[in-house]
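Enquirer: When I checked Swiss-Prot for this same protein, it listed these features:
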- 41-51: motif ''HIGH' region' (MOTIF)
- 42-44, 48-54, 237, 285-286, 293-295: ATP binding site (BINDING)
- 74, 218: L-glutamine binding site (BINDING)
- 292-296: motif ''KMSKS' region' (MOTIF)
């Protein structure tokens, strides 16, 4: 795995996007002396390709400016979270090549968040509200109509503090009370109409057990966690732009830098004291055609068994993309290529595929395989003919060395490389025609062997003995070159041909009463059984190859072994997708 270091990042050409420009100005003006970012996923599912953009930005910015990035599990909704998701998140971030300076959890700060809430109550900035969720929505108003104050808005700080402590003690059932910020029920920003800061939820937490029957809401916990950790720049996607005034409200009214006593529970646990006044900056989220990235929809695909799990190679989770054969370098190149802006746009899926092709073309060794094999018998060679040919592992990179490839009288070739009635422009095998066998010489087809039903079962041909590599006849011009695998030495392999999961560009388009389920591509996975040269079988899982003339393939992360090779097609050699 390639790892991104501060030195590596600083050696790259200077990036000019608006976020980095803001950071440069903050450093130049002395607003900050160092940069501290964070990546704060909720451990309630697997990361997807959209998260890769945030990861590369959060960690990349920190590395470029010699700073740090914290990985924080935003674990404030325990009913939907799982330690397995938290472990997968750490694995995915590491796989992408990034390393966090600290692993934190919002639950690490529950005591501090509780004390901060008590401070807001004492300052008259928060109150306990008895409205249920439906009533809260009714009182909140609309975009064109101001909200109404809760009947409980004017409770005294003492009464609110007593009720909040009873909430903390577990006295009240779920949903009966919330702690709300006291801001402005007439605000044009609905997020500022007395948003909830805490709700009652008697649910066991993966880290704190049953200690807490109340949990902080996202906006409150997120803002203060940033401040607690000393985050300087809190990078979020555009949907949080309207939440920024609430983010700032929480930070400014709790004011941790001037109320350091609130941090005592952390200091007692050995956490550093590093509160800050972070700045939230929003950027556009990643949208790609032919995909859905809603966690709810991805979960439905798995739960309804429309795919084969979260790491199905057709999924857009990082686990799925990794199993498909996407590399960390290709993912980082993709994020770099699409750039950072505030403008929402839809990226064509081919951009992602081209980044993978570009990376694998450089690093992937070449091998020969047939996915629709047909026998070719070179009848002018002895039946026991066998030799070892020397092939380069990579035609553009001598440092990858060479390999031996067995060659014999009987070969497997690709069925699609022969045509009895060839179309115009055909350059491969035809009856009586010639073709170059990669690295072995020029062959002519003399006979087409068919079974009783008239199906072709083999070709018989002749190998020009003067056209072998190094001989004068090897320079004779023929129209086409095909790959092959020596039949006696071939290793049978399961080859999974993956394609895009959806057949239309906008599977989220619910027109005509259809949903994304109606646009699943029936050809997104085909399993064939072919043959590979021995050098392709003897390799570890997650090893990428270019199967010559076929595409880029990777040994399956879970199912491959040398005795039962399993290859996943990562991407074709060129973009052949038919657009609408």
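Note that Cβ sites are derived from N, Cα and C of the backbone, with glycine treated the same way.
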Enquirer: Measuring Cα to Cα, how many Å separate residue 53 (ATP binding site) from residue 74 (L-glutamine binding site)?
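Expert: Cα-Cα, rounded: 18 Å.
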Enquirer: Counting every protein chain present, what is the number of Cβ atoms, excluding its own, within 10 Å of the Cβ of residue 53 (ATP binding site)?
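Expert: Its Cβ has 21 other Cβ atoms within 10 Å.
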Enquirer: Starting from the Cα of residue 74 (L-glutamine binding site), work out which of the binding-site residues (49, 51, 237, 294) are within 10 Å.
Expert: none
Enquirer: When you scan the chain for residues with a C-beta under 8 Å from the motif ''HIGH' region' (41-51), skipping those not six or more beyond its ends, what do you find?
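Expert: Sequence-distant neighbours of the motif ''HIGH' region' (41-51): 73-77, 80-83, 85-86, 88-89, 92-93, 206, 285-286, 288, 291, 293, 295, 298-299, 310-311, 315-319, 321, 331, 352.
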Enquirer: I want to check the contact list for residue 218 (L-glutamine binding site): same chain, sequence separation of six or more, C-beta distance under 8 angstroms. What comes out?
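Expert: Correct list: 74, 76.
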Enquirer: In sequence order, what residues of the same chain, 6+ apart, have a Cβ less than 8 Å from the Cβ of residue 294 (ATP binding site)?
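Expert: Expected: 508.
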Enquirer: Near residue 51 (ATP binding site), which residues of its chain come within a Cβ-Cβ distance under 8 Å, counting only those 6 or more away in sequence?
Expert: 41, 92, 318
